[in-house]
Amino acid sequence: MKRRLRCQQLVFIAMLLACLLFSGYQIKTAVAAVNNPQQTLMVAPVIPDDNQVKKAAGYYELQLPQTEDRTITVQAYNASAKALTVGVSILDAQTGTNGVVQYVKPKQVNRQYLTIAGSDLVKTPAQITLAPGETKDVPVVLKASKARPKGTYLSAIHLIALTPTDTANVRQRIAYTIGLVLHQGRNFQSLEALRLKQTSLVKRSSGFQLRYRFLNPERHFLKDATASVQLTNASSRFFSLKMQQPLSRIAPQTQFVMTHDIQGQKPVSGQYRLLAEIKQGRHLKTITQYVRITGDGKLIASSHTAFRLAQQKWNLLKVAISIVVLGIIGFVLFRWRQHRKAKKSAEI
């Protein structure tokens, strides 16, 4: 009987974990695992019927209210024998290196691009108190507005508690992050506005790194894209570089860096054409830029004209080399034929 009860407890914990995890939107910040015997705080989203993804996904995706505020709830449970104080806050989404969403405090977001953040549209209590064994619904209020700019607002609900352990003066930090995807109007994705802002080169001890800084200026949440970048040398394809990088999630109105490490090589100076292609399903965005790598390994902006001139110089050099080589071959053949004729005349 005890064994069966233990199995049921494990099944419940596994279901709770599945509910908390969601594909790409939630960050696993819990320091203690849910199956830890010292686990004290458990959290689960109460998913409404009009959620735009399945309940099993474990996060909220909803239309923002237009006329009246709307309240959704997150359920928090204190499994310990002591009272718990749980901090509640809203985090905003930024895009990390190579297209991974990160949730940060509102003061950490770049307001130059993210003019209206998800945290501006949501209100929660700063903290709640849970008695031992108590379950409580944490209210999350979505503010109503018709004048809000259309698009997607990406944020997350963050709950955190410091709980006592068996060790004196030591407390464990337990945190949960639940995704909150809010739409104002029709939800759609577009690569059109995506821009390549800057390309830079960083020297390493055993090679170098190319860094491409992209900007998603619109309120579009881009998912499951792939970026490929090719640097073509004006003089020789032998010095060209190509990379491909999956971009799983690009948050609205954020910039991010895509990196490409080149091991065991030195950057070759010259003019380059940079061709970036971002593909998402059947949609394709192509960006072309021209850069120059200097003799001391710096990467600076260039132009199509400079690239074409470098190509023409290289082509002229190849023609000149070909003429010289053909001339040498012709001269050698001429001398060989002359020598052969002279040899035949001597034999006669």
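Backbone N, Cα and C define each Cβ position, glycine as well.
Copied over from TrEMBL:
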{"type": "SIGNAL", "residues": "1-32", "note": "signal peptide"}
{"type": "DOMAIN", "residues": "43-159", "note": "domain 'WxL Interacting Protein peptidoglycan binding'"}
{"type": "DOMAIN", "residues": "167-295", "note": "domain 'WxL Interacting Protein host binding'"}
{"type": "TRANSMEM", "residues": "314-334", "note": "transmembrane segment"}
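Sequence-distant contacts of the transmembrane segment (314-334) (same chain, six or more residues past either end, CB-CB distance under 8 Å): 234-236.
For the domain 'WxL Interacting Protein host binding' (167-295), the model's average pLDDT works out to 89.
DSSP places the residues of the domain 'WxL Interacting Protein host binding' (167-295) in helix, strand and coil in these numbers: 3 helix, 88 strand, 38 coil.
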